[in-house]
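Before any comments, here is the structure.
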Amino acid sequence: MDGEKDCKLSSFILWEESSRHYSNDVIICTVNTISAVFAFFCNLAIIVTIKKKNLIQTPRDILIGSLTFLDCIVPLVAKPLFIALRMSLHDDHVTCSRLQQLTKATELAVMFGCGCSLTHIVLIAGDRYLALRKPIKYRRPRTKKVAITFACTCWAIWSLIVIIFDKIIPRRFENFLRIFIATVLLTSLVFLKVKAFLIVYRFNQTLVHDSNSLKVEGLTERDRKVLIDTTFISITFMLLFIPTAALIVIRPAGIYGNVVFPWSMTITLLNSLINPMIHVWRNRLLRRAMLDLLTTEH
């Protein structure tokens, strides 16, 4: 790379490239390419099924649909940029300024994908809390409109955040702000999940003393299943995201920065592939609709 010694990189996606490992990056790019293709088509299949079978019945469905659309976009934007960045490190014709531009674009794409995804998961946790805390209010028609508003606002806010980070925020404050935003979102997610499970626990305790609550108990079982389904999504994201976030904060040099971190980021980006698998695995109605759609088409 031209001007390699004078090239200064200060990004959470790439902070130093002194020790490059070509074979490692080739494997990483191969894994990202394959996972991007599968993630795109898996999420696209779910979106098409939801649209054709009209499966948007609750506010949760709206938020899940918005998250699925986001998971369809990430393989088209963030993953290709990450692949291009890793391979550019081994191209001697790439200038320092071009590498810095590519690093910035990848950083913003990954930040938007992870941030918007985490915010969607927090909104889904809030949806579950409201459904359990105030079930009558949750079933009102206007709740769907509120969910649509929240989903659109989530996209708009993260688009604005990315623009602010790109144009306004000084570099020295970026890492602190990213840590602050991630901490607030993760804390909110854990808080909402704990509150929701406490509601289920307390309600189950009351059923022990009420033998005439079979109808209500059945409703609680369905709500509990949905709560567990969304919890799988939340736990998966945290398991994939937190190790990468820790490496970004520490920013280790040498093999940890050039070998371990790219793999950690690759695993984090797998979230867009794992989410649709969870949706299909846990949602029997969606599975039946997809099979029915395939049978009808053929």
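Glycine too: its Cβ is placed from the backbone N, Cα and C atoms.
Those TrEMBL annotations? Automatic predictions, nothing curated.
TrEMBL lists 25-50, 62-85, 105-125, 146-165, 177-201, 232-254, 260-281 with the feature transmembrane segment. The annotation domain 'G-protein coupled receptors family 1 profile' is assigned in TrEMBL to 42-279.
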Segment proximity, the transmembrane segment (146-165) to the transmembrane segment (25-50), 3 or more C-beta pairs under 8 Å: no
Stretch with greatest number of CB pairs under 8 Å, the transmembrane segment (177-201) reference, 105-125, 232-254, 260-281 candidates: 105-125
Tertiary contacts of the transmembrane segment (146-165), as residues 6+ beyond its ends and Cβ separation under 8 Å: 59-60, 62-63, 66, 70, 108, 111-112, 115-116, 119-120, 123, 127, 174, 177, 181
For the domain 'G-protein coupled receptors family 1 profile' (42-279), mean pLDDT (0 to 100): 88
